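Positions annotated as domain 'Disintegrin' by Swiss-Prot: 1-50. Per Swiss-Prot, disulfide bond is recorded for Cys5-Cys14, Cys10-Cys35, Cys11-Cys40, Cys23-Cys42, and the stated evidence type is sequence analysis.
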Amino acid sequence: EGEECESGPCCRNCKFLKEGTICKRARGDDMDDYCNGKTCDCPRNPHKGPAT
């Protein structure tokens with residue numbers, strides 16, 4: 001009861017991590033990716049350039 005997710009970079013103890021939690025650290029000129037509090041996936045930072 002009350003489970004929001006099973007697993008993923010933005011899921012801990014069956015709950016979504018709060019919005020703004022870093023789920024992927026930046027590399028080089030890249031930018032950090034943050035959880036949005038609504039999904040267990042790590043959404044791509046909208047301010048990044050195209051994926052390479």
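For all residues, glycine too, the Cβ spot is worked out from N, Cα and C.
Note that the structure is a prediction, hence the values are computed from the model and not measured.
Overlay of Swiss-Prot feature records on the structure.
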residue: Cys5; record: disulfide bond; DSSP class: coil
residue: Cys10; record: disulfide bond; DSSP class: coil
residue: Cys23; record: disulfide bond; DSSP class: strand
residue: Cys35; record: disulfide bond; DSSP class: coil
residue: Cys40; record: disulfide bond; DSSP class: coil
Just name the winner among Cys10, Cys14, Cys40 (the disulfide-bonded residues) by count of other CB atoms within 10 A of its CB.
Cys10
Using a Cβ-Cβ cut-off under 8 angstroms and a sequence gap of six or more, which residues of the chain neighbour Cys11 (disulfide bond)?
Glu4, Cys5, Leu17, Cys40
What's the number of neighbouring CB atoms sitting within 10 A of the CB on Cys42 (disulfide bond)?
18
Return the count of C-beta atoms lying within 10 angstroms of the C-beta of Cys35 (disulfide bond), excluding that atom itself.
24
Would you report the average pLDDT that the model assigns to the domain 'Disintegrin' (1-50)?
90
CB neighbours of Cys5 (disulfide bond) within 10 A?
16
Between Cys14 (disulfide bond) and Cys35 (disulfide bond), how far is it from one CA atom to the other, in Å?
15
Report the same-chain neighbours of Cys23 (disulfide bond): residues 6+ apart in sequence with Cβ closer than 8 Å to its Cβ, ordered by sequence.
Pro9, Cys10, Leu17, Asp33, Tyr34, Cys35, Cys42
